[in-house]
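Listed in TrEMBL:
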DOMAIN    16-85  domain 'Cation-transporting P-type ATPase N-terminal'
TRANSMEM  57-83  transmembrane segment
TRANSMEM  89-105  transmembrane segment
TRANSMEM  232-257  transmembrane segment
TRANSMEM  269-292  transmembrane segment
TRANSMEM  636-657  transmembrane segment
TRANSMEM  742-770  transmembrane segment
TRANSMEM  790-814  transmembrane segment
TRANSMEM  826-847  transmembrane segment
Amino acid sequence: MKETPRTLHHKASVLDLTGEPGAHVDATSEEGLDEAEAEIRLKQFGLNELPDNATPWYVIFLSHFTGLMPGMIVLACLIEYLLKEWPDFYTLMTLLFLNGFVGFWEDMRAGDAVAALKASLKPEATVKRNGRWRKIDASLLVPGDRVSLAAGFSVPADCIVSHGMEIQVDQAALTGESLPVSMSAGSQIMMGSTVVSGEVDGVVCNTGINTFFGKTAALIGSTHDEGNFQKVVLSITQVLFAFSSVLVTIAVVHLIMRDPGQLWEAVSFGVVLLVASIPIAMQVVCTATMALGSRMLAEKKAIVARLASIEQLAGMTILCSDKTGTLTLNKMVLQEMVSYDDKIQGPEILTYAALAIRWKEPPKDALDTLVLMSDKLDREYCDKHVQLDFVPFDPKRKRTEATLRGPNGAEFEVVKGAPNVLLTLIDKSNYAAIGNAFQAKVDNLAERGIRALAVAKKDKGGVMKMVGMLTFLDPPRPDTKATIRNAMMQGVSVKMITGDHQAIARETARQLGMGDNISSAANLPTLAAGDAPPTTLGRDYGEMITNSDGFAGVYPEHKFLIVETLRQLGHSVGMTGDGVNDAPALKKADVGIAVEGATDAARAAADLVLTAPGLSVIVDAIEISRAIFQRMKNYVIYRVACTIQLLLFFFVAVFAFEPHWYNDKFKQLPGHPYKYDKVLSDGSVAHFEYGFRMTEREIGLDIPGTFNLPVIALVVIVILNDATIVSTAYDNVKASQLPEKWNLPILFIVAAWIGFVACGSSLLLLDWALSSEDPDSPMRQLGLSSSLSYGQIIAMMYLKISLSDWWTIFAARTQDWCWTRAPSKIVASAALFATLTSTYFSVTWPFQDIRFDEVLYLEGEEAAREHQEDVQLIGLDFEHVVFTWCFCGVFFVIQDTAKVLCYRVLFHYDVCGIKTDALANEERIAANERIQNGLSHSVTTNPKDILVGIEKQRLLHSGTVQSLSESGAQGGAPWSLSKALFGKKR
């Protein structure tokens, strides 16, 4: 029984489900689908659009209020709410929402890549249904639809070209191919391509997520990696949380066991320690630091789309770059004009090539454009000729032909086409004279991936002779080779990844000095749409990908998997690109870089968008990002050191210092106790006795059993210091010559050591301050004329912790003595502002005023004693302020000395590779100086050799002392960093 068209249509749909491309070419009739069948298939295959998997904005918003750090702040807020400590509660809530809103603003850009791809779907398509051509919404196309593919139109879905004329298709944005591709019956043309010339029907074979375009979107959507900086911040927070949890638990249990009736006081103290353990503003300050750095990159024509990428750019070890439009100009340029006729030279060959086409009309294809748009073409001479006959280009004949009459009236023929075709057309004698040399040149060009056009001429009555050959190539950008060399001098390996032919990629790599080990896509893994990348890529393909200088003939999933493989090997990977085909890899890479002129999809997927041509700005961005990394690392050391200082200070204070013990002790001193009377509203007089001198505002308040600062005082310290510490974004730093990385063990060791010294000095000052009533106490012996009230002791410790916190940054910012690298004026000004403001607060304290509660007192002595143990901060006298400043200054010198000694010990024993990395960096600096000196003397340096030298240096420095000595004998400077640590700027 003969099958009806409808049955054939249904069978085609089934075939398409099994993944048979082009099954609908034979199954769809010339009349196209009918509306009923189209409706069935629309339900079966879905709309021709990308699925919307965007996370609702409110879910993104709420996600920033969950997790370890927000959870700790929420817990602190809850306890303060139960204790009805409203100033503390509102201050903590402000910090919570500030952190949340900053993170929310950053994450709202995450879905831009898929949104840009969806916007790229063409809204209309010309389709034939029920035998009639009409335009419909492209999202309604289904497999089996017959569509029109005409010049100037974008392809609305993946299609199989039907029988008809050959068409030229521009796929540059999808595959990286520089020239339009010829397609005939049976060829598959991908959605997003553009028909350059010709007109033919096509049958839709894939729609929506199943198209080449859709798979690209699926790859982007499958990438949800957490940024490296977020991981670092989380690791630091987890360590501090575990450390503080132990201390807080021990301290609170100790207080409750000592006095079960003071449960809430113990809980309140726990809140103080808990808040102190949270690096509350670390995310905010580091984000602000990176934002300020992004402005510096913007001045270099690089727009930062994701702030955390600045930190990852500093650690980038491999840069994968697309070729077309990134390393090259994406424009065919004449390379050579080779003459095979002694009478015709140079530009005359180009003139004859122009005469073989219709030079007075617009160019028909890229090769015609190349010839007619050349500034070496003599158009005036061409116009002196009359074209008598013209045979256009035919893909089967692979040439154009023209018959012309010259200015002298002589007639001749000119042929332009494929070199091997024209070689068969020339006269035998001419072939004998030039054939071998011509063929050798063609073979050499083919091996190098350089395209060529041959031009031959035949005078009337004469024979066909070869005139010459035109070679052309999409050349590298003028600054690309220098950029690659400079990137490799910074320790960054560059790999070319392109959809172009292997021979062309190899020639481009040869010109750029990148190495010619260019592998084909056949050696690479593949990934089905929607599948997660295998976790074994690094093991299975790592060595092959690492050893290759680049890859040719790749598709988006290849680029995506190359990046994933390198990341599984532990590399921090950058990826540059400009087309839709680059978008998945840009999103997957640690640093995705969209070059100037990139498509919307590429820019949306990228972390860094270049607005100036070429890649030279990337080297500037690397140097700037490494300086920013140094500033962030200095800040993190400072923040961890301050947190450790506060944690240990309060932990030790709860066990070692009992203010009421000092109060009872001083009541026994001559002239003590201090007696104060307070007239109450009912006319009665309340009598109070203290061992400490008390101010009027403190009378009636009890001396607490444990020492602590008000929570609001701690939060004020954090806010003031962190608000002004943003100035470190402009600090003077020395950027590394090698990729940066977070060495967290070293960071914690140095920060802890600095924090220990600051903590020790705070405990010492607390003891001196609590003992100030004693005339023989150290503070009185050092010249203080008056003792401190208990509220002034609180103020002095507030000022001391504030000053120590800010001055710690000057110790944290260098590995050598603090004066070996001067801070920037902005940092110095911020330090002055913060310390003077803290000093002002210690004298005036405008935030909190706790007074004796007369009502509670009248309710009974026990109630008064139970509810009025609280801390009132009382302003310091001038001599107390001067003493605190001098004390902090002396211990800052001790702190800086301890830091230098710590680094020397770590360097001596190469703890966690600190010496290895430092020596390799010094070697890189010395090698770069030698390279620059060589360049200034016109010495050619291969970029690939630079990176090989870097790897040799790393191996040497991770070896024995003998290897280091040998390195020095070969002209290096292996021990130069030891000088840096003992007296050279670092």
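Glycine is treated like the rest: Cβ placed from N, Cα and C.
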Looking at 636-657, 742-770, 790-814, 826-847, which one has the highest count of Cβ pairs under 8 angstroms to the transmembrane segment (232-257)? 636-657
Out of 57-83, 742-770, 790-814, 826-847, which stretch has the largest tally of CB pairs under 8 angstroms to the transmembrane segment (636-657)? 742-770
Among 57-83, 790-814, 826-847, which stretch has the highest count of C-beta pairs below 8 Å with the transmembrane segment (742-770)? 790-814
Average model confidence [pLDDT] within the domain 'Cation-transporting P-type ATPase N-terminal' (16-85): 71
